[in-house]
Every structure is written in C-alpha cells, then in structure tokens.
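Listed in TrEMBL for this protein:
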type     : residues : note
SIGNAL   : 1-20     : signal peptide
TRANSMEM : 51-74    : transmembrane segment
TRANSMEM : 86-108   : transmembrane segment
TRANSMEM : 128-150  : transmembrane segment
REGION   : 166-187  : region 'Disordered'
COMPBIAS : 166-176  : compositional bias 'Polar residues'
TRANSMEM : 208-230  : transmembrane segment
TRANSMEM : 271-291  : transmembrane segment
TRANSMEM : 303-322  : transmembrane segment
TRANSMEM : 342-361  : transmembrane segment
Amino acid sequence: MSKLFICNLLVFLLPTFAVADAHTESTGEAGAITTGECSSGSEFDARTYNLGLHIGALFIVLTTSSLGSFLPVMSKKFPKFKVPSYIFFFCKHFGTGVIVATAFIHMLPSSFEMLSNKCLPEIWHNYSAWPGAIAMMAATFIFFIEYIAINFTHNIEQTLPTHKNELDSTATNSDESTSDENKNLHSHHSHAHAHGTLVLLTSKSQTIGIIVLEFGICFHSIIIGLALSVATGSDFISLLVALVFHQMFEGLGLGSRIADLKFPKGSIKPWLMSLAYGTTTPFGIAIGLGVRETYDPNSATALIVQGVLDSISAGILLYAALVELIANDFIYDSKFREKPTIYQTSAFIFLLLGAGIMALIGK
C-alpha cells in the first residue's frame, strides 16, 4: 500500500509544479530567461481535445494493465484459471526483456531529451550527463537499501544453527531414555523447522527485489499516464496503441514475478502488488485529465520533473532487471543450468524477443 501511496502522491505533485510554473511565466522580467520560453505557446483548445476519447483510454489502459498483472497471480491461486507452464515461462522471460528495453529505450533517451532542453536553467547545461548521473545514484541507492535488508535477513539466518542445537540439547537432557527412532524424528523435525525458516528468508529477499522493480515501474507509469492525458490528434492515437502493448507486456512480466513469490496462504499482498501496477497509470491519466487546461508539459518545471523521474526510474529498473531478474534467472540459478538445452535456449530467445519488440514500440 505504501508503494501505491508514494506513486499517487507524486502524480499530485507534478501538475502542481506545472501550475506554479505557469504563474512564474506571467511574472518573469523582460529579457530574463524564464520558464515561459520553455512553453510551446499554444493554449488549451477544448474543440480539438476529445474528452470522451481520453476517458475511454483511461479504462482501456486500466483493463490491459490489470489483466497483465493479475492474470499470472490468478493462475497460481485458482486452479480453474490454470495457465499452461510454458505460457508462464514465456511471460516471465519475455517480460524481463520488456523491462530492460523500457529502461534503455523509453526512459533514458526521454530523460536526456527533457533535461537537455535549451530553455532550462544553466545548471542543467553545465553538466550534460545529469540523466546518467541521476540514474546511477538511484541504482546505487537502491543497492544499498537492498544490501541492508538482505544483510538483516542473513544475520537472522546465522542464529538458526544455534537455535537448532539448543533444541537438540534440551531434548537430550529432558529424556535420556529416548529411543533412536524418536531421536531421529526430533532431529528431522528440527531440520525441517530450520529449512522452512531459510526458505521463508529467501522468499523475503526475493520479495524485496520485486518491490524494488515495481517501485521503478511505478515512477515511469506516472509520466506516461500524464503524457497520454494531454496528447491530442494522431499523437494521442499512436501513444495509446503503444501504451496498451507496453502495459500488457510489462504487466505480464511483473505479474509473473509476483506470482513466483512465496506468500502465506490467503495473503492479500500479491493482489495489492498487482493492483498497484494496474491502477497507477490510469490514476495518472485521471489526474492529467483534471489539470488538462493548466498543465503545460513544455514548461521548465514539467521538463525537469519528468526528466528527473525518468532518470530515477531508469536507474531502478536497470538495477532490478539486470541484478534481480537476469542474473538470478540465468547465472545464479544452478537449476536453470541443469535444464535441457532447448529450455535454456528458449529462455534467451524470449528475453531477446521482449527487448526487441519494446525497442520497436519505442521507435
């Protein structure tokens, strides 16, 4: 819930900055570089803005995003919705390629374009690599956060052998006449308890990685939702088509990862994580519709906020996709290397296919 709250809070902030920026345009001194020079100079025209079509787009994106993120979770939780394993396998690796391409093709170039605009303050021109630097700082920050979380779970793991030994010692002292069969049973129970805790801790580590991934996607969803809500004409149609495919593919990839996580039986966490992805972009569209007459995507503040958020998203997604997904799936998973050659080859092909299609959509 906290991820959804943070994402939605940022959606509220961006239009507010844009409105404040419009006020600055009207009060700038003559001859000074003001944010007004960033604006396209075109006022909102209600005659060319099809409100009904934009509202329809909101529900289209809501449906495709939710379908992509909920379908893998539903197939895991409900036998009636069981999806063949090869479909799940395809979505998992294809979605990873989509996420990688989203960072490289959709976010980084966009952030460089936004933050290199000639009308921005001079600080953005004194150092041309700001988007890359921001992405690097975001990835590093996420790395430290994850390291602290994983280190915490590792420290708990270290106490497990001691806990097991204490159980064995207590059992021995309390009953010296315990039969060999009962001792073996007790030892097996203690080992199962320790093993179950280790599995739980590993699951928590995986959950942390997927939360990091979704957090990066959430940032990006805010921007594309706002962009769609203010687009008109042929630009709106092309962006909507691209966004529908983007949200579906990305949702399937993320939903497959969420479905793989080990949650307690009956937990609502996987549903909340899927809901966060499914609703963030539509909510961004809704906010954009509400401020469509005052929001100027070409204002200085809007360019800076969009550029910075895209840079942060790119850094988070690159770290999550390369470290949490690709490295874990192909390098650190010993079971994957034991699979048949056709299985491994298919995984690589699906990964490249997802990245290639998203690169094509980016064009």
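Every residue, even glycine, has its Cβ placed from backbone N, Cα and C.
Since the structure is predicted, the reported quantities are computational estimates derived from the model, not experimental observations.
As a quick check, the transmembrane segment (51-74) and the transmembrane segment (271-291) clear the bar of 3 or more Cβ pairs under 8 A, pairs 6 or more apart, so the two touch. Comparing 128-150, 208-230, 271-291, 303-322, 342-361 for CB pairs under 8 angstroms to the transmembrane segment (86-108), the maximum falls on 342-361. Distant neighbours of the transmembrane segment (342-361): 89-90, 93-98, 100-102, 105-106, 242, 245-246, 249, 253, 326, 329-330, 336; these residues of the same chain sit at least 6 beyond its ends, with a Cβ under 8 Å from one of its Cβ atoms.
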